[in-house]
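Participant: Encoded as structure tokens, here's the structure I'll be asking about.
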Amino acid sequence: MADLTRLTAAELAAAVADGTASSVEVTEAHLARVEEVDEKVHAFLHVDREGALAQARAVDERRAAGERLGPLAGVPLALKDIFTTEGVPTTVGSKILEGWVPPYDATVTRRLKEAGVVILGKTNMDEFAMGSSTENSAYGPTGNPWDLTRIPGGSGGGSSASLASFQAPLAIGTDTGGSIRQPAAVTGTVGVKPTYGGVSRYGMVAFSSSLDQGGPCARTVLDAALLHEVIAGHDPLDSTSIDAPVPDVVAAARNGSVEGMRVGVVREFRGEGYQPGVIRRFDESVELLRELGAEVVEVSCPSFDLALAAYYLIAPSECSSNLARFDAMRYGLRIGDDGTRSAEEVTSLTREAGFGAEVKRRVMLGTYALSSGYYDAYYGSAQKVRTLVSRDFERAFADVDVLVSPTTPTTAFPIGERADDPMAMYRADLCTIPVNLAGNAAMSLPCGLADEDGLPVGLQIIAPAMADDRLYRVGSAVEAAFQARWGHPIIEEVPAL
Ligand code: GLN
């Protein structure tokens, strides 16, 4: 049988269902791959070998008992370390949660288990999901499997790197400003930010609650759709969860087409700061959409130019409130509790030692933006921009079915290059942030390699809220056309391993 780590999730699920391979075999193959390459990649913070094999055995037993298995049963997955996992450490990439073992499963974790998905372990991430490179992890950076000296994107760099290095066929990420889509773009993988409220936030450690959204990551559009279906849907434990049927993303992925669709190209997403090779691949994608039967028009969304600034007021403001719970009393780390200090002193010493520089910067920014006297000028103005961004989308979607843009202005940059320049780092999310502010859905999928560095470029497809299926319909048509042109999937072998 072919190397099991090279198969798609759909193929693996079929192999498990028809008995060509057992889930234990599939899981062991992936654990062996982790063993072989993860010392170099550092995609995982924690590998749950025993737990994964137990889950795999349970699936094999259900099959042996004649039970009909779900569409992803027995398939391994890498879970971002922001989702709580009962009995398995959850750190959010932070020292402040080092050693914390949650007593409960996030809804996403629970749904994965119920679907028979095998959770291999927890993946590396920027601390509290703040970053675009995974360099802000308290546990060291992750390498991009295309070139280990470069970033795998962030904050979900562990998840994207695990896919691109064939350590897992599926992964889960979270996207507050781009942390599913940007890592997908720079690793040549597929990532989807569902409509806000489409996937439960219960048990997902909060960064910026009005923006945070969990979603699927995979190497193919169909695999992402199968995973989307497993994790999405109403959850009474999340007050912002949408109580409506989930769009049929799997059917859309199986019936890719752009025939007769109107596609809008966002005029604002090009120009200064965009790498020529990224723009070239993007322009070719637009040409391809035309060839496939779409009608392409240019669309202007002028307020998108203000989105980044608004995001860096709203996200820090919400995080300054959300992170207040890390007070050394409730979870994880506690420093200086020697009987001589007050609770306030212990809290302060613990936060000093437990939070990294970027987290501290954001908490300070957020508390400042929310302070009386400044609230209207900063937080208030940012909320107004948020409304303008939503209106730009509304106007655009009155005329087109989907919007397209590059996912990120450049390909993967070298580790260290932007580490001391927060503004340069923040610009990695220029094209992804408006979607989070408005709450609608978007996908990144590979559209080729940039000429100047041979690194993957991502195409972003944006759909209206609750129309996540359109992403998959368009995405799978584009994916099929590109693969026919290239003659192979974008990642055939792993260049750096
Ligand atoms: N890079 C953005 C930030 O640092 C987005 C992060 C995310 O989506 N979690 O906030």
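Start at 1 and count along the chain as shown; that gives each residue its number.
Glycine residues also receive a Cβ, built from the backbone N, Cα and C atoms like all the rest.
All TrEMBL annotations are machine predictions without curation.
The model shown is predicted, which means the values in this text are computed figures rather than measured ones.
Feature table excerpt (TrEMBL):
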ACT_SITE  Lys80  active site, charge relay system
ACT_SITE  Ser155  active site, charge relay system
ACT_SITE  Ser179  active site, acyl-ester intermediate
DOMAIN    25-471  domain 'Amidase'
Participant: Once the DSSP letters are reduced so that anything not helix or strand counts as coil, what is Lys80 (active site, charge relay system)?
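Facilitator: For Lys80 (active site, charge relay system) - judged by DSSP and reduced to three states - the answer is strand.
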Participant: For a quick check of packing: other C-beta atoms within 10 Å of the C-beta of Lys80 (active site, charge relay system), how many?
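Facilitator: The answer is 32 other Cβ atoms.
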Participant: State the mean pLDDT for the domain 'Amidase' (25-471).
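Facilitator: Summing pLDDT over the domain 'Amidase' (25-471) and dividing by its length gives 97.
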Participant: Hey, what's the Cβ neighbour count for Ser155 (active site, charge relay system) at 10 Å?
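Facilitator: Other Cβ atoms found within 10 Å: 34.
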Participant: Under 8 Å Cβ to Cβ from Ser179 (active site, acyl-ester intermediate), same chain, six or more residues apart: give me those in sequence order, or none if nothing qualifies.
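Facilitator: Residues satisfying the criterion: Met125, Asp126, Ala129, Ser132, Gly153, Gly154, Ser155, Gly156, Gly173.
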Participant: Quick check: in three-state DSSP terms, what is the residue listed as 'active site, acyl-ester intermediate'?
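Facilitator: Reduced to three states, the DSSP call for the residue listed as 'active site, acyl-ester intermediate' is coil.
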